[in-house]
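J.: The structure is given below, and queries will be raised subsequently.
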Amino acid sequence: MTNSNLRTENHFDYVKIKLASPERVMEWGQRTLPNGQVVGEVTKPETINYRTLKPEMDGLFCEKIFGPSKDWECHCGKYKRVRHRGIVCERCGVEVTESRVRRHRMGFIKLAAPVSHVWYLKGIPSYVAILLDMPLRDVEQIVYFNCYVVLDIGDSKDLKYKQLLTEDEWLEIEDEIYAEDSTIENEPIVGIGAEALKQLLEDLNLKEVAEQLREDIATSKGQKRAKLIKRLRVIDNFIATSASPEWMVLDAIPVIPPDLRPMVQLDGGRFATSDLNDLYRRVINRNNRLARLQEILAPEIIVRNEKRMLQEAVDALIDNGRRGRTVVGANNRPLKSLSDIIEGKQGRFRQNLLGKRVDYSGRSVIVVGPKLKMHQCGLPKEMAIELFQPFVIHRLIRQNIVNNIKAAKKLIQKADDEVMQVLQEVIEGHPILLNRAPTLHRLGIQAFEPKLVAGRAIQLHPLVCPAFNADFDGDQMAVHVPLAIEAQTEARMLMLASNNILSPATGDPIVTPSQDMVLGSYYLTAIQPQSKQPKFGDYSNTYASLEDVLQALEDKRIDLHDWVWVRFSGEIEDDDELQNPLKSETLKDGTRIEEWTYRRDRLDEDGSLISRYILTTVGRVVMNHTIIDAVAATS
């Protein structure tokens with residue numbers, strides 16, 4: 001974030017997400033009070049006192065750490081009122097401030113033993129396994145206390161660095177090391193759990209490993225080369241972000257603000273609480289128990305079991321169910337972990353950040369609009385008047401049709417002709433955005449020029465359907481109105497449907513006729529076997545131009561699949577063109593008439609075409625005439 005302004009929350013350049021160091025995690029939650037006391041560490045699993053219903057000190061809802069639960073009031077009640085703003089109570093240590101600080105002040109839990117972060121260990125791909133160049137199964141055996149790993153071989157010739165040892169194998173090696181006739185001076189060092197993992201990650205010199213990998217990639221090929229490139233890419237990213245691999249092992253856990261995991265009193269005097277509080281409580285209980293066991297120098301097997309339980313508690317807090325048994329609450333419902341809150345359709349991003357309700361938007365069912373141009377869409381009047389209401393009110397007042405906003409709203413409710421006229425002026429040249437969920441690529445949102453239509457359905461040009469993956473069996477689309485001039489310009493220049501002909505993914509045309517259009521084109525040009533072909537010279541079925549045929553169709557004198565003879569001077573493609581005519585006759589004036597299967601040509605003495613009649617169906621005339629018109633309009 002830029003430091004140019006004190007109100008940094010409104011002035012920042014970009015948001016960067018990267019690994020946090022243990023110091024950074026503690027920095028988020030730690031604060032020094034004016035009396036020099038450092039607060040921020042949550043050490044007790046309690047939430048609120050069952051008698052006073054006030055938060056317990058140093059617990060998950062502690063007022064000293066997170067701020068007061070009532071505005072301008074400390075925990076013990078010595079200071080009340082806004083005039084004591086900023087004072088820290090000398091009795092309870094709570095700062096007198098607004099209660100809303102409990103929505104952003106964080107705490108932390110200092111862990112008695114390091115634990116691995118489940119995202120980096122069990123994610124796909126597993127970054128810990130890639131960095132250490134070890135199989136994921138082996139890394140899991142270390143973290144969950146099933147196997148030892150060799151951290152330093154010492155003087156032993158039989159051991160290898162990063163070799164896995166079972167309990168029995170390590171006991172045998174220990175017996176050899178401590179035997180009376182042992183010649184080993186430097187003992188091999190082994191480790192187990194997340195501490196061993198942290199040591200392995202600390203021992204990595206990223207720059208040296210990256211250099212070595214580049215040399216190996218140059219000489220290797222196939223599957224091995226792909227694996228090396230994968231590892232190098234991860235290492236380069238760590239170097240680029242100045243992150244240390246050992247940060248993937250946690251020494252401290254952030255505790256999110258209490259108002260984001262609230263505890264609410266219900267009518268019967270019972271409490272409803274967020275699942276996160278239960279998950280945090282498990283972590284704190286196990287952490288405190290582990291610290292106590294280490295303090296009293298408990299047997300290693302008990303301490304190790306407690307460390308494994310702490311690792312599982314932290315795994316459940318970060319991503320419940322990712323590994324091992326899912327932690328369940330009352331009535332066997334899995335508890336919602338931090339990952340569950342963030343991810344998925346109901347998660348924080350898709351539901352609350354991207355899926356926000358926005359002003360100047362609406363949604364309706366889509367129907368086909370065959371008379372629309374490709375860059376147009378039909379917008380129901382009812383919807384348009386609601387979406388463009390501020391613009392309409394502004395124009396009504398400016399044109400002195402009404403004097404104030406209240407009168408304008410009344411006029412709009414009546415759906416007066418004047419209002420519709422003004423609405424028409426407002427939407428002229430004002431593009432709107434149409435979006436169909438799910439928006440899987442950028443063509444899921446496109447801009448259109450609105451045309452007012454009756455009814456309550458949005459009309460859409462059939463050619464833009466493939467881009468939206470839309471069909472007309474009840475699909476709904478959302479409408480958004482770009483307000484700023486810049487947004488309108490961008491919509492018109494970049495997002496207009498007629499500018500998005502090619503798919504951004506493949507470069508192939510995405511605007512292709514499909515479904516109804518293909519069926520319509522086929523039906524239009526199809527030949528019906530029962531339709532009789534008229535003889536040449538049958539004046540009731542002979543027309544002077546394509547326009548005459550269209551006029552006759554409009555007047556219902558002929559049907560789409562009727563055969564007609566029509567004069568046509570353009571280029572034609574005929575199956576029997578390469579063969580000789582069926583019949584050729586020279587007239588007295590020197591001109592020649594050639595009979596072909598589907599045409600009659602009259603040629604002069606030099607062989608130049610004088611006139612041509614072709615035998616075709618009315619539907620094909622319609623198709624041909626439409627294409628000629630469209631090509632002529634664009635050229």
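Counting starts with 1 at the first residue shown.
Cβ coordinates are placed from backbone N, Cα and C, and glycine is handled just like the others.
Annotation source Swiss-Prot lists Zn(2+) binding site at Cys74, Cys76, Cys89, Cys92, citing sequence analysis. The Mg(2+) binding site annotation in Swiss-Prot covers Asp471, Asp473, Asp475.
Could you give the neighbours, burial and distances for every feature on this list?
T.: Shown in sequence order, Met57, Glu63, Lys64, Cys74, His75, Cys76, Lys78 are the residues of the chain, 6+ apart in sequence, with a C-beta less than 8 angstroms from the C-beta of Cys92 (Zn(2+) binding site).
Cβ neighbour count for Asp475 (Mg(2+) binding site) (all protein chains, 10 Å cutoff from its Cβ): 17.
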J.: Other than Cys74, Cys76, Cys89, Cys92, which residues of the chain come within 8 Å of the Zn(2+) site, judged by Cβ distance to the Cβ centroid of those residues?
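T.: Filtered neighbour residues, in order: His75, Gly77, Lys78, Tyr79, Glu90, Arg91, Gly93, Val94.
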J.: Taking every protein chain in this structure into account, which of the binding-site residues Asp471, Asp473 has the most other Cβ atoms within 10 Å of its Cβ?
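T.: Answer returned by the neighbour count: Asp471.
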J.: Which residues, in sequence order, are found in the same chain with Cβ within 8 Å of the centroid defined by the Cβ atoms of Asp471, Asp473, Asp475 at the Mg(2+) site, excluding those residues themselves?
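T.: Once Asp471, Asp473, Asp475 are set aside, the remaining close residues are Ile366, Ala470, Phe472, Gly474.
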J.: Would you kindly give the Cα-Cα distance separating Cys89 (Zn(2+) binding site) and Asp473 (Mg(2+) binding site), rounded to the nearest Å?
T.: 66
J.: Of these binding-site residues, Cys74, Cys76, Cys89, which scores lowest on Cβ atoms within 10 Å?
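T.: Fewest other Cβ atoms within 10 Å, among the binding-site residues Cys74, Cys76, Cys89, is found for Cys76.
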J.: Taking just the CA atoms, what is the gap between Asp471 (Mg(2+) binding site) and Cys89 (Zn(2+) binding site) in Å?
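T.: Between the Cα atoms of Asp471 (Mg(2+) binding site) and Cys89 (Zn(2+) binding site), the distance comes to 65 Å.
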